[in-house]
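Asks: Provided herewith is a single structure, encoded as structure tokens, for subsequent inquiry.
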Amino acid sequence: MEMDQEDHDQSAKHNRSLLILNCILLTIGNCGGPLIMRLYFIHGGKRVWLSSWLETGGCFIILIPLAAAYFHRRRRRLASARLVQMEPFLFLGSAVIGLATGFDDYLYAYGVARLPVSTSSLIIASQLAFTAGFAFLLVKQRFTSYSVNAVVLLTVGGAVLALHTSGDRPKGESEKDYVVGFLMTVAAAVLYGFILPLVELMYKKAKQRITYSLVLEIQLVMCFFATLFCTVGMLVNKDFKAIPREARKFELGETTYYVVLVLSAIIWQGFFLGAIGVIFCASSLLSGIVIAVLLPVTEILAVIFYKENFQAEKGVSLALSLWGFVSYFYGEIKQSKKIKKERDNKQPTKSSSSTPAREMSHIASP
């Protein structure tokens, strides 16, 4: 029994470490991605399809940890280790979700091209409401009064921005373009709010054990098909031919232009890998919460680096968002304490002979 408990504790510790790692990746991608994308547009970049492509185009760097995971399996299991673990169901599901992600990339890039980072980030915060709704429908996510309160506050916080949509319109941009950018960003929030629970549903429906190395394979397939979707858009829009010309006219210099593109691809990969990694370690709702909770950081960075206006509507929206975050995490802490207390109260009533068997059964099913 002590050995089983030790294994269980070690597994929980490993899961927490993975969760922290993916939260760090998500933080880097969620805060850095919009900023560097906006940098591209501010200094002369105009290619929306190219920006969309960069969001998932760096997926091939995942081959490095995948190769490391494969050689690790080879050392442990010798010739029985498979190079590719993914079965057809997961491949097909990842491909479909990847195409949806590619469309979402375009919607988001279009919005960032026309909105200040602080505004687009606040709109994306409303994604949590859609994530929560779809999580309830698709994976039967359970809600507490605190999580419902958080979702409502975050939704209202995003809606406040619509009260004064043209107040922070960039110079030289028409009101029509601004409104279209606003609506495209809202559409991106809705679609990605659907994608996150869809990934969790795919995990649950898979007829094979989901490991972190398998999550990396899923990420690679999803991003490959998202990139394929955006590549078609780039070909139609003739973006590949325009890249050298745009690089020469870039305000920060030709070399800096290519550095911005490469960094954008790498940073965005952190976002997508972190998002599905958090789903693997916890749930799609928590992934949505982490994305939303990074809003104040992105807001502050946008105001510091790009001198964006921070109007009263943004202040109110930010306050409501922070209130929602606190409400959610307070509810999670209370719920975990309640579950732990109930488990501790039930434990003495169990017979000593049956407890080890149940614990072993739990540990054996990862």
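A Cβ is built for glycine as well, from the same backbone N, Cα and C atoms used for every other residue.
What TrEMBL records for this protein is below:
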REGION    337-366  region 'Disordered'
TRANSMEM  18-41  transmembrane segment
TRANSMEM  53-71  transmembrane segment
TRANSMEM  83-103  transmembrane segment
TRANSMEM  115-139  transmembrane segment
TRANSMEM  146-166  transmembrane segment
TRANSMEM  178-199  transmembrane segment
TRANSMEM  211-236  transmembrane segment
TRANSMEM  256-278  transmembrane segment
TRANSMEM  285-306  transmembrane segment
TRANSMEM  312-331  transmembrane segment
Asks: Could you give the residue numbers and ranges of same-chain residues that sit at least 6 residues beyond the transmembrane segment (53-71) on either side and whose C-beta is under 8 angstroms from one of its C-beta atoms?
Replies: 33, 37, 81, 83, 98, 101-102, 105, 108-109, 212-213, 216-217, 219-220, 222-224, 226-227, 230-231, 233-234, 239, 261, 264-266, 268-269, 271-273
Asks: Taking the transmembrane segment (312-331) as the first stretch and the transmembrane segment (115-139) as the second, find out whether 3 or more Cβ pairs fall under 8 Å, excluding pairs closer than 6 in sequence.
Replies: yes
Asks: Test the contact criterion for the transmembrane segment (256-278) and the transmembrane segment (18-41): 3 or more CB pairs under 8 Å, pairs 6 or more apart in sequence, then answer yes or no.
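Replies: When sequence-distant Cβ pairs are counted, the transmembrane segment (18-41) touches the transmembrane segment (256-278), since at least 3 lie under 8 Å.
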Asks: Between the stretches 18-41, 115-139, 211-236, which wins on the count of C-beta pairs under 8 angstroms to the transmembrane segment (285-306)?
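Replies: Counting Cβ pairs under 8 Å, the winner is 115-139.
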Asks: Could you tell me what the rest of the chain brings near the transmembrane segment (211-236), counting residues at least six beyond its ends with Cβ under 8 Å?
Replies: 18, 47, 49-50, 52-53, 55-60, 62-63, 65-66, 69-70, 73, 84-86, 90-91, 94-95, 97-99, 101-103, 105-106, 199, 202, 269, 272-273, 276-277, 280
